[in-house]
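Notes follow the structure.
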């Protein structure tokens, strides 16, 4: 296929798609140019069904530093593991694409997005999402798209689609919404305490804008789209399914209704093991035993799936016996740990998170050097999910995509209520350790983070709580669930996380397993989430009503002084010599910004005070008319040099020593002698002249003797 180009304009920027020129061996490939951002997307599919009980979809978003005219950092000067932003963008693209493949599709699919050029005012992630959908849609991969996504901002009561950098900085909302022509299927958002009504309107505005992008994709697919390949879907043997359902459905139904998680898991596992043992023995000699046992496992999973959903939609019974809008038992604790700067333990049913606060000087902020211009990140929220939290063994290592994503969600939720840098000049790190999990651990980490911040004396604007909403839908009827647990998340259709204060929403995240959800479902879920959020805030505020007025004794204290910008180099010294000497003497940490704000950190107030004295002395300037108690440091024929303070000397000319004539300076002064002097002149080069005699009353002139006349 020869190169074909398609052009339109979206949100005020040119959107150009090129097909047929590059990556022609992939099943589908596109080059998307949005503004001056260029993204190459290639989609490929394995020829055979993969083994395993899940759909092996891999979406990558690769930031090439040359796209922004930069060298990669590090010794190797080569791109390494994906940045946090790249990982989050890959997840952002994966989530709306995944539900658009048929149930039972098991061929491996890879979608690789490579950023070739970067324009900070034209969203490369949105171009990559568009390119991912289009590459799949024009390929022979059986993708039931297209989908598209947009960013939505909110400025002065107006919604902005795909805002540029300046607009996003002024926006009260940073929303990414994706979906198909019919419905929304992915949401990711941070917001400055916006109401449910505004958030819902933003979602609908975003979905409306998506239609234009989907229509453009459909136009391209009509011209260059390939016929979809026939692939084998994972389907179980119908006779085998009927046999197992008839024999064991009642036992599995009973096991599913055990309320306590561990007991329920043990009961369902016992039924499954009994079934597997029977059919493994029955078909032990069959050459297709592996396929039969795979089908048995899939049938049992489908039976459990169907029963959980039936109980909720028909009987309105949840696995743990709760009402549809009921939250699990809550508990909130502060000061769980000694020595740390703040800690909070939050428990919701069998989900528990411990959050630990650490405060540090601003010099500890994280430097982010990606495609965008380098910047410093003051607030970090890290989320850890050890396998023991679900009573299992498993790998331990660096944070995976899920942990990075959950940490970022908590960061967005809590960042909106943090004090400004001027109010609270600290770098802030929260670490959420998930100690138990039965669903919604990311929201528990937000609640625990609020407790830790307030216990640590961080003056947040308001406490934040989070809740996860679920959905069970059969296409006609649906049930929205409050505070979903693991089983409801696993077998449900939606995981809709909502975090916020009493004033409004600070973060949203939605993932679904069906093609999309309607505005009515969104509205109902937001309303239920608000009610639940307020219940959780009641518990948090009963534990700690407001941030403590003082920091923990172990937290670094801070004092700030202002110096002239041209004095920064004096405090730092050549090669950092002066500031290093101050730090070595006092044991403090010092940060100096470009505007001359000097922040001094230490747990010892005396050390802070001593540091302030030293710096004040370094930047002190002599002023004409001021009097100083000085020390003679050098004597010359023409006068004496005296030290006024620190490194500031002045010349007392021989004529300024006394009102009477001084013949030899050394007859009057000696090195080391203390004298009081007054500054009388500072020239354009900063040289200081001082006077001793200016502090001495001038003696009266002697009266002239009258001449006698004869």
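Using N, Cα and C of the backbone, Cβ positions are placed for all residues, glycine too.
Taken from Swiss-Prot, the feature Mg(2+) binding site applies to 489, 495, supported by sequence analysis. Around residue 495 (Mg(2+) binding site), a 10 Å sphere centred on its CB holds 21 further CB atoms from the protein chains shown.
According to Swiss-Prot, the compositional bias 'Basic and acidic residues' annotation covers 700-710.
Across the range of the domain 'KH' (556-615), the DSSP-based residue counts are 32 helix, 16 strand, 12 coil. Swiss-Prot lists 556-615 with the feature domain 'KH'.
Mean pLDDT of the predicted structure over the domain 'S1 motif' (625-693): 93. The domain 'S1 motif' annotation in Swiss-Prot covers 625-693.
Here Swiss-Prot flags 691-710 as region 'Disordered'.
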- Query: How many helix, strand and coil residues does the domain 'S1 motif' (625-693) contain under DSSP?
  - Reply: 8 helix, 36 strand, 25 coil
- Message: Can you give me the same-chain residues 6 or more apart in sequence from residue 489 (Mg(2+) binding site) with a CB-CB distance under 8 Å?
- Response: 439, 440, 468, 470, 495
